[in-house]
Structures are given as structure tokens and as C-alpha cells.
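**Q** I have a structure here, written as C-alpha cells, and I will follow up with some questions on it.
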Amino acid sequence: MVLETISKIIKTQLPAYLKKFPLPETIGGFARLTVLDWLRLLPLLGILALLGYLTIRPFLPKKKKQKDSLINLKIQKENPKVVNEIDIEDLKSTNVCYCRCWRSKTFPVCDKSHIKHNELTGDNVGPLILKKKIL
């Protein structure tokens, strides 16, 4: 079924399309084409543009990977790592660390991704540590 459809397209529909194809013999002939002729040319021009792009794409410059940017721009820049500890009475577990670098795989819980981030960027961001307040 699929092969019959492809065969019909190649053997009958493609030659019929190419017979009606308004390809002028000279460059100046393109100026005399009607709107209907240009509409008939669009599929071929689209395919040629796609093939041209796919041909030159390997030679185009690759996008440079954007360097990780700083998160902490001005808070406690004199400290090697900014970590805040907060005591909370109603906390169910003893310690909870929350990520502030937005790189954690277990976000919002900190997985120490800030260490690699700090090494790469020179930043000093650290986790937010919530401790259970002992009365």
C-alpha cells in the first residue's frame, strides 16, 4: 500500500507537476512570472532551500555554551561561601538544607551542586539551612 502510493507519486504526479512547472529559460523570465506561477514554484524553492541549509549546516559556527553566571552579586562577597542558618521551633526534622543556586537535581532540597557552581564561576553561594530550635 505504501509502496504503491510512493510509486504513483513518482510515476504520475511528479511528472505532471514538472510539466506544469513554470521555470523560465532566462533570469529575466522570473520577472514575468505571475502570482500563480510563483505559488507553483514555492514547493520546489522550499525543498531547495532546505537542502541548501542542510548542506552548509555542518560548516556553520557552533553556538558557544553560555558560561554559568554569578547568582550572588553583592551579598557577603568577603566570605568564601554564604550559608544562612535559621532556627525554627515547629520544624519536624532536625536539619533541612534548601538550594539557593538553582542547580540542584533534587530542587528545592540542596544536593551540594553549589560547590561545582562556585568552582566554575568564582561565586560564593551556599545553601539555606533550617535547624530545629531546641528549647
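Cβ from N, Cα, C; glycine included.
So Swiss-Prot says this about it:
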type	residues	note
TOPO_DOM	1-37	topological domain 'Lumenal'
TRANSMEM	38-60	transmembrane segment
TOPO_DOM	61-135	topological domain 'Cytoplasmic'
BINDING	CYS99, CYS101, CYS110, HIS114	[2Fe-2S] cluster binding site
**Q** Hey, of the binding-site residues listed (CYS99, CYS101, CYS110, HIS114), which one tops the CB count within 10 A?
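**A** Comparing the binding-site residues CYS99, CYS101, CYS110, HIS114, the most crowded Cβ belongs to HIS114.
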**Q** Which numbers of helix, strand and coil residues does DSSP report for the topological domain 'Cytoplasmic' (61-135)?
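**A** Output for the topological domain 'Cytoplasmic' (61-135) reads 9 helix, 20 strand, 46 coil.
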**Q** Write out, in the order they occur in the sequence, the residues of the chain not among CYS99, CYS101, CYS110, HIS114 that have a C-beta within 8 Å of the mean position of the C-beta atoms of the recorded [2Fe-2S] cluster site.
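**A** Not counting the recorded site residues, we get CYS97, TYR98, ARG100, TRP102, ARG103, SER104, ASP111, LYS112, SER113, HIS117, VAL125, GLY126, PRO127.
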**Q** Quickly jot the same-chain residues contacting the topological domain 'Lumenal' (1-37) by Cβ under 8 Å, restricted to those at least six beyond its ends, or write none.
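**A** Long-range Cβ neighbours of the topological domain 'Lumenal' (1-37): 44.
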